Every structure is written in C-alpha cells, then in structure tokens.
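Trainee: There's a structure below that I have some questions on.
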Amino acid sequence: MTTRVAINGAAGRMGRELVIACQRNEALTLAAAFEAPESPALGQDAGRLALGEDLDVVIASAAERDASTFDVLVDFTRPEPCLAALADCVAGNAAMVIGTTGFDDTQLDQLNDAATKIPVVFAPNFSAGVNLTLKLLETAAKALGDDFDIEVIEAHHRHKVDAPSGTALRIGEVLADATGRDLGECAVYAREGHTGERERKTIGFQTIRGGDIVGEHTVLFAGEGERVEITHKASSRQTFAGGAMRAAAWVAAQTAGRYDMNDVLGLDHD
Ligand SMILES: NC(=O)C1=CN([C@@H]2O[C@H](COP(=O)(O)OP(=O)(O)OC[C@H]3O[C@@H](n4cnc5c(N)ncnc54)[C@H](OP(=O)(O)O)[C@@H]3O)[C@@H](O)[C@H]2O)C=CC1
Ligand SMILES: O=C(O)C1=N[C@H](C(=O)O)C[C@H](O)C1
C-alpha cells in the first residue's frame, strides 16, 4: 500500500516540484493538493499545473482541508499557513513534512508542541548534499578552531522573502555548536558604517538576493595566510522536492516526534 500525500502550497515554486517528485516516488500517491483560499489556482488539476498532464487531483482551498484523506502533508509555504496545516494534521492525526523557513521563536514553540502529538520532519533544506555539507562543516570548524574567522554567505532568487535563509541559520547553529559558542550571542547579521575591527569568535552572515538563483551556501573559514571555503550549490528544486518525498515515505511509519533529514538519511546526530 502506498502512502497518501497531500501538498500544501501546490501552485508555488516548490509546490509544483513536489507534485512532480511525488509522481516519481513509487511509495507515494498524490491524494490531495491545497492552496490559499484566495488563490487563482483553486479548481485546477495539480498535475496539469506541474506536469502538463491531469492527475485527477484538484487544488482545493486550505480552509476546506480534511486530514482523513491523506497520511502525510508536505508543506513548503509560509509560517502562518504552515502552522494552520499543522493544527489540521494534529486534529486528523496525519504526519507532516515541513520545508517552510522563516519561523520566529513563538512559531517554533507551536511547531515543537505539535510534534509531541504527531510525527513531523522539519528541515530548512531537504537536499542530501546540504545535509552532508553540515557534517563537513562540523568537522572543519572543530579542526580549524578559533584562529579562523567564520563567515556564512548565502545566495537565493529575487522572490525569497526571509533572510538569512533557513539553511544559513542551521549552518550557523552547527558551526556555533562545533566551536562551543551560542549563536544568539555571536551572530552578526549586518555591517555598515564604522564597524570597528572584526570581533573574534563572531559568525558573520551575508545575504545575496537576485534573479533565479536556486540556492547557494558558502562557509568561509579565514585564517592568517590561508582560507578554507566549503560550498554547496543547488541547481534544481527537484533536489529539495525529491528529499521531501523521501521524508514523506519515511515519516509515515514513525511515532510522534520532531525529526530532521539526519533521521531520514540515517546520519548520526553528533
Ligand atoms: N526546506 C527546503 O529544502 C526548502 C525550503 N524552501 C522554503 O519553502 C517555502 C516556499 O518557497 P517557494 O515555493 O519558493 O515559495 P512560493 O511563494 O512560490 O510558494 C508558496 C506557496 O504557498 C501558497 N500559500 C500561501 N498561503 C497559503 C495558505 N493559506 N494555504 C496554502 N497555501 C498557501 C502560496 O500561494 P500565493 O502565492 O497565492 O500566496 C504559494 O503558492 C519558503 O519558506 C522557502 O524558504 C524552499 C526550497 C527548499
Ligand atoms: O526559498 C528558497 O528558495 C530556499 N529556501 C531554503 C532556505 O531558506 O534555506 C532552502 C533552499 O536554499 C531554497
């Protein structure tokens, strides 16, 4: 039996890629697709929009969602509609895969609370490459230590609404943990004017927005006389969508809890 998947935000940039990735995954069946109550995509076939062929799944309003019609809801939208979907999933006992970024602390508390009731995979980046890169960064940060200044540089398309990216923030957390720092205290998100010399042990973030850049992250470890750069570049949103569908197939068999891509990929958490 296949896992019944619903996609929230099915007409969005990621939503359409998720429809394609769901079709490609033999363990999954697309059971439902949702969009904002005012979306012009309501009533359209999700397959026609994403693939140019009907899948007999009509995009419905998120306000009319019935969580008994699916096993897992995949959400790449915005924090507010994602939390509304989470409440529906808790009420209907469905699992969730969340790729949405840009949550504030209060919203993250709500997400964590819901994850005590249903299984939730929450990751700012579903590509296998980024999750491997996080491991490489941890090793590099531990090996290079405090003699190297750390800067995180991320670049995304002109439509992205949150900054720094969720991935850059996760990278920052990994680097801070690896070097025994608190990201809340050592992060520097902007520099302008007479900034003074760079404070040691800070982690800087630089954001680039432009054109159709899918998603690029570089960590620069700058020392005296040498520097190390570790970069991941996504060139297709299918890399995120395929990973999210792998997570959907995995999470359907889990008990309540908050999981990430390390759990899905079977990578260690240390
Ligand atoms: N974790 C990962 O691997 C990745 C995460 N992301 C994240 O995914 C999110 C979406 O990105 P992207 O696809 O580029 O953004 P888009 O704006 O293209 O897509 C978001 C979709 O959600 C829809 N939406 C808005 N409100 C609701 C609602 N109430 N119910 C259902 N759907 C709604 C939007 O509709 P409308 O346009 O009509 O408002 C839109 O179609 C972002 O947070 C981004 O950072 C992106 C790529 C990879
Ligand atoms: O908005 C995007 O496009 C992306 N968002 C994610 C993030 O904020 O990290 C992941 C990916 O880089 C694309």
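Cβ coordinates come from backbone N, Cα and C, glycine included.
Annotation source TrEMBL lists domain 'Dihydrodipicolinate reductase N-terminal' at 4-126. Feature annotation from TrEMBL assigns NAD(+) binding site to Gly9, Ala10, Ala11, Gly12, Arg13, Met14, Glu35, Gly99, Thr100, Thr101, Ala123, Pro124, Asn125, Phe126. The domain 'Dihydrodipicolinate reductase C-terminal' feature in TrEMBL is assigned to 129-265. If you look up TrEMBL, you'll see His156 marked as active site, proton donor/acceptor. Per TrEMBL, (S)-2,3,4,5-tetrahydrodipicolinate binding site is recorded for His157, Gly166, Thr167. Here TrEMBL flags Lys160 as active site, proton donor.
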Trainee: Quick one: of Ala11, Arg13, Ala123, His156, which recorded positions lie within 10 angstroms of Thr167 ((S)-2,3,4,5-tetrahydrodipicolinate binding site), measuring between C-alpha atoms? Sequence order, please.
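Mentor: So the list reads Ala123.
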Trainee: For ligand 1, list the recorded positions among Gly9, Arg13, His156, His157, Thr167 whose CB atom is within a distance below 6 Å of it, in sequence order.
Mentor: Gly9, Arg13
Trainee: Quick check for you: of the recorded positions His156, His157, Lys160, Gly166, which have their Cα within 10 Å of the Cα of Thr100 (NAD(+) binding site)?
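Mentor: Within 10 Å of Thr100 (NAD(+) binding site): Gly166.
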Trainee: Around ligand 2, within a Cβ distance of under 6 Å, which of the recorded positions Arg13, Thr100, His156 show up?
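Mentor: Result: His156.
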Trainee: Among the recorded positions His156, His157, Lys160, Gly166, which ones place their C-alpha within 10 angstroms of the C-alpha of Asn125 (NAD(+) binding site)?
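Mentor: Near Asn125 (NAD(+) binding site), where near means Cα within 10 Å, the recorded positions are Gly166.
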Trainee: For His157 ((S)-2,3,4,5-tetrahydrodipicolinate binding site), write down the residues of its own chain that are at least 6 apart in sequence and whose Cβ falls under 8 Å from its Cβ; none is a fine answer.
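Mentor: Expected: Arg209, Gly210, Gly211, Asp212, Ile213, Val214.
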Trainee: Let me check the 10 A CB neighbour count of Gly9 (NAD(+) binding site). How many other CB atoms are there?
Mentor: 28
